[in-house]
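These features come from TrEMBL:
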| type | residues | note |
| --- | --- | --- |
| DOMAIN | 82-245 | domain 'DUF218' |
| TRANSMEM | 6-30 | transmembrane segment |
| TRANSMEM | 42-64 | transmembrane segment |
Amino acid sequence: MSTSWLINTLLGAVLLPPFNMLLLCGLGLLVQRRWPRFGMTLAVGSLLMLALLSTRPGAMLLAAPLENRHPALPLPYQGDAQAIVVLGGGRLANAPEYGHQDSPSSPTLRRMRYAAALHRGTGLPILVTGGQPDGAKESEAVIMARGLREDFGVPVKWLEGESDNTAENASQSADMLKKENVRRVLLVTDAMHMPRAVKIFERQGLQITPAPTAFYTVTPVLPGDFVPRTGWLVQSSYAMHEWIGILWYRLRYR
């Protein structure tokens, strides 16, 4: 198991909802005796914020600016990219319905499906990138390549299976591609992840054309979307993770 992956996972649990809001609520209750107004405001405010982030409008406040930064790729694609790079987005471990093999998670599968469509439309070769930071037997790259070949009938030219995070995805993928004089790529990942991914890949000297998928903020808001739900809290947490990542990247490389 990768130490960096473990640290990032623990930090994410603390900094992202719901734990961060519950932590603030607990802090408010602790200081309420000494500072009653401040403590109560902090406790109640954090719970109200948690409720807001559990609604679709609340999640959209965080997610929409990320998704709007790079619109969907116009089709048919007529640019000059030389390859398609697909970022892994997790796995389903030990899936019994597939003989206890690891299989792509829903985010990974969405990216694979879009990459397959792009490949069929362009004929561009595919690179899949994703390691095994959680100590799994197979890298995400191997799982993705197998799925693209067996489920979508699409070949994969390059497998990068040593990376533990987006920065390593970028550096190790760039090393592979540059050896074959490939510098212009279509980058496939979730729309919310794309702003951070583009900056990181461009820093490696690649020319990136964003090819985002999995847009969550394009459909109209319905009355039922104001009811707090776990799914919207998950989207809020994802978006907040990306904003923290963007801030960290700017502070590190300013």
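Easy rule for this one: first residue shown is 1, then count along the chain.
Quick reminder: no glycine exception, Cβ is built from N, Cα and C everywhere.
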Task: Outside the transmembrane segment (6-30), six or more residues from its ends: residues with CB under 8 Å to it - done: 38-47, 49-50, 53, 165, 233, 236-237, 240-241, 244
Task: Segment confidence, the domain 'DUF218' (82-245), expressed as mean pLDDT - done: 96
